[in-house]
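Taken from TrEMBL as is:
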COILED    99-133  coiled coil
COMPBIAS  28-46  compositional bias 'Basic and acidic residues'
COMPBIAS  54-66  compositional bias 'Basic and acidic residues'
COMPBIAS  69-85  compositional bias 'Polar residues'
REGION    22-85  region 'Disordered'
Amino acid sequence: MKEDPARYLEYLAQARNRKRKNYVAAEKLTKKEKEKRSEKNKEYLSRHRQKKKLERELETARRDLDQPTPESSGYDTGRSESTQLVVDFQFPNRRNGPRRRVSNALAKKQKELRRLKAENEEMHLKYQRTLRRLQRYKKAEKKTDESDRMFYSTGK
């Protein structure tokens, strides 16, 4: 089937349409079915990434073989044969940029949440201490008021 590109493209289009038609929205699935679908997608994606990585490595190896290498004995001679140096940098995949950005933003927000929770706990403790201090003050004031009333009521 892959030998005939037109039929293969038609087959792929039919497969896409069949998959799209039979798709069930995630909110209609049970938790177990969601997990199963997630695992299946994760497995597919990891195989796809592995395949792409292998293709990149093969392409790099193919390019390295295509580049002419100057033959030399390792000793420097009077004449210099200069060829362009080709450096193959492995740049990070641009598709991973959003994923990293979201991950970093999530980590930052989680750190801020932990800080705010700690600050909230500290403020709560401070509030409790102040409240207890106020209660002790009111209790002491009430005691002095009662003793003053008793003193003036007896007339002594």
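Using N, Cα and C of the backbone, Cβ positions are placed for all residues, glycine too.
Using a Cβ-Cβ cut-off under 8 Å and counting only residues 6 or more beyond its ends in the same chain, the coiled coil (99-133) has no close neighbours at all. Across the coiled coil (99-133), the model assigns an average pLDDT of 93.
With a cut-off of 8 Å between Cβ atoms, the residues of this chain six or more beyond the compositional bias 'Basic and acidic residues' (54-66) that come close are 88.
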